[in-house]
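*Asks:* Take a look at this one; I'll ask things after.
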Amino acid sequence: MEIMMKKAPPTLTATFIAFLFLLHLSLTTSHPNQQQRYVVYMGEHSGEKRSEGEIEETHHWYLHQVMPSKHEVKSSIVHSYKNVINGFSAFLRPDQAATIAGMEGVISVFPVKTLKLHTTTPNLLQGAPGKGDDVIVGVIDTGVWPESLSFRDEGMGPVPASWKGACEVGAAFNTTSCNRKIIGARYHVKGVEAQLGTLNKTLDFRSPRDIDGHGTHTSSTILGQRVAGASAYGGFGSGTATGGAPQARLAVYKACWTVSSGSEVTSGVCFDDDILAAFDAAIGDGVHVISVSLGGANENEKGYFTEDSVAIGALHAAKRNITVVCSGGNDGPGPETVANVAPWILTVAASSTDRLFSAPLLLGNGVTVKGESITPVEKLGNTALPLVYAGDVEIPGSTNRSGFCMPNTLTPEKVKGKAVFCLKGYTDQSLEVKRAGGAAAVLGFPVAQPLLGTMLLPATTVYYPNATDVILKYIKTDKKPVVKLIPGTTEFGTKPSPTMAYFSSLGPSNIEPNILKPDITAPGLNILAAWSEASSPTELPEDPRRVKNNIISGTSMSCPHVSGAVALLKAIHPQWSAAAIKSALMTTATTENLRGGPIEDAYGDVATPFHYGGGHMRPSKAADPGLVYDAAYTDYLSFICTVNGTSLDRSFKCPKNPLSVSDLNYPSLAIANLKGSVVVKRTVTNVGSPKATYKVEVKAPTSYSVNVTPPILTFKGVGEKQSFSISVKAENTKKRKVSTNEFGWYKWSDGNHVVTSPIVISAPPKKIANLVSSSTGFVSAA
């Protein structure tokens, strides 16, 4: 047994933790007697073999300390994690949760939160070595549409002998839904049903089957088989589609659901305890890679990763060298919006491809306005439609956002049969124009590479302010303005590309700014992949259309591109650790666009490592990176000790003098709140030529000096490690702006390999310049 079956006296530390927990609840909970769901996290199961019944009995024991009856205990518990992760979720009052938080063996207790999917080409892994043969990728998402041609198992050998998973049956999903491609499928529904009641079978399948489309899209992007003639609705993006690692195997873990609350239907609802259950199952089943295109709020309320279900699950995966790839979020373009920032996670931003769907507008005055569209307009013929501005045809008093085509704002009598120009543009706006009887929509968008969708009526998206100014001026000055929508065509070689997607969340991390996030960027804008045939291309209930493939956007789409690259590297280098694979991708990424200039953000400004981390991924380069920055499970535990003063593993004792966060052997370098100087250590492992000499080159951030010692590293064999130190000193402090971020890089090269690491340094706010940093462990020099 892992614990004594009687209450151990709380230690002073446990008592203090419980006090802090209760204080937190008093500030965040308005009904102290009201139950809500909590996750009780207890680390990892010990090596002692125990039956599932014994594990569940242990979890029940904890609940019995705060609940008088066995019946209450059994009705309270929701999940009991039994594979690798030790813990459970249950309905508790805040005082009960606080009591359990102070009990021996408990690491953290946190309320279950709702996570969200990070959704808002030709596959860019073509040319990368290998096909990911027999690598097993676990995808935690909305499930899969198994009939998609992307998941056929032609040409695939037997299921790998290491596989320990299962094909769970359920609604419209049986054992024949799995094959040698989809080798396992599970669904995790206890949490969502505990919160919202039995799943509504008209809204979702109570099985691994995907009704939303998101999970099918991400899975096929990672490892879809080659499909000729794939295209979105209307034939857009037509060509041969293939995933990044087409010979990899898929393990499905459905943990996100379409649910209703009252009359409102919401898709992609994921709860913390279901996500943890999915991680626990995936690790126990024997996956090699876990892809997670979802996340929660990025506020630093998550107890330095001890209350973050994705971070906790990913840490257990990292212990077994399972690479976890996560989307960075779609809350950009503001700073400090990036999510999934634990250093053992590979965090992905989103950027564009070199493809656009050109669909210009022809105004009645002969002016052509550039636009894009993936919605067919052929049914309009060659007809020029009367053109109106939404702000001129609104129902009086219906909105305080004039011109945005908000729901139920347009006057049908003034819109019928016309093209309506909306300042804002996506599927909701097309729905409103259709509701009011419009014939077409012209939709404004703030950047030159817009997020496209299949609209509910003929539509074209234009960019403001330039295009919108031209269109508005024409409408205001012409007595009978008209417009002709030109059918869209696919164009390749767009420059500059890649550019950062406007929605992609930015660093720095507001949880731990001394770890640079995101780590890397990959294509996430207007991506074509397989789709659930139970869902329309717009995902709107008013849309009856069904498609086999769809074009959507988000860091949810960039994440699986990187997951596919990880699968390729895992197949080529099965002995590499998860940290080594991350390092290989980050240090070989590029910060240049196709013009040879720096990657730009969506507004044409030069992007920074806060946008893209190491840069835009290059899998073919990552297969032979030369050097890697490796890290072990214990390094991450030490990191947690430094930032939180708590170990996430009961068998690991925090060192008395933990290293600074910046000393974590990470492929990038971030130093926050530096006024004086600091010395940071790094270690590289040779995975390239047996005998090699690397020389360092440094581009120091403005107002700082950076010196690397020694400047030359000589290796005599593969696997050899060499360490070096990086001295960073603030210069010209009187002239430098307070709290600004400066960027640079250092790179090692042997003439064949170039191993590049970004540098990000920020100055401290004046009022805390002489305080000891809790996260770096050094005193800022005056």
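For all residues, glycine too, the Cβ spot is worked out from N, Cα and C.
According to TrEMBL, the protein has these features:
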SIGNAL    1-30  signal peptide
DOMAIN    37-118  domain 'Inhibitor I9'
DOMAIN    132-600  domain 'Peptidase S8/S53'
ACT_SITE  Asp141  active site, charge relay system
ACT_SITE  His214  active site, charge relay system
ACT_SITE  Ser556  active site, charge relay system
DOMAIN    663-761  domain 'Subtilisin-like protease fibronectin type-III'
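Map these features onto the structure and tell me what's around them.
*Replies:* Taken together, the residues of the domain 'Peptidase S8/S53' (132-600) have an average pLDDT of 94.
Other Cβ atoms within 10 Å of the Cβ of Asp141 (active site, charge relay system) number 29 in total over all chains.
Its Cβ placed at the centre, His214 (active site, charge relay system) has 29 other Cβ atoms within 10 Å.
Its own atom aside, the Cβ of Ser556 (active site, charge relay system) has 32 Cβ atoms within 10 angstroms in the protein chains shown. Ser556 (active site, charge relay system) falls within a helical segment according to DSSP.
Taking H, G and I as helix, E and B as strand and the rest as coil, DSSP gives the domain 'Subtilisin-like protease fibronectin type-III' (663-761) the counts 1 helix, 58 strand, 40 coil.
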*Asks:* In whole Å, how far is Asp141 (active site, charge relay system) from His214 (active site, charge relay system) when you measure between their Cα atoms?
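*Replies:* For His214 (active site, charge relay system) versus Asp141 (active site, charge relay system), the Cα atoms are 7 Å apart.
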*Asks:* Would you kindly give the Cα-Cα distance separating Ser556 (active site, charge relay system) and Asp141 (active site, charge relay system), rounded to the nearest Å?
*Replies:* 10
*Asks:* When the domain 'Inhibitor I9' (37-118) is classified with DSSP, how many of its residues are helical, how many are strand and how many are coil?
*Replies:* 28 helix, 29 strand, 25 coil
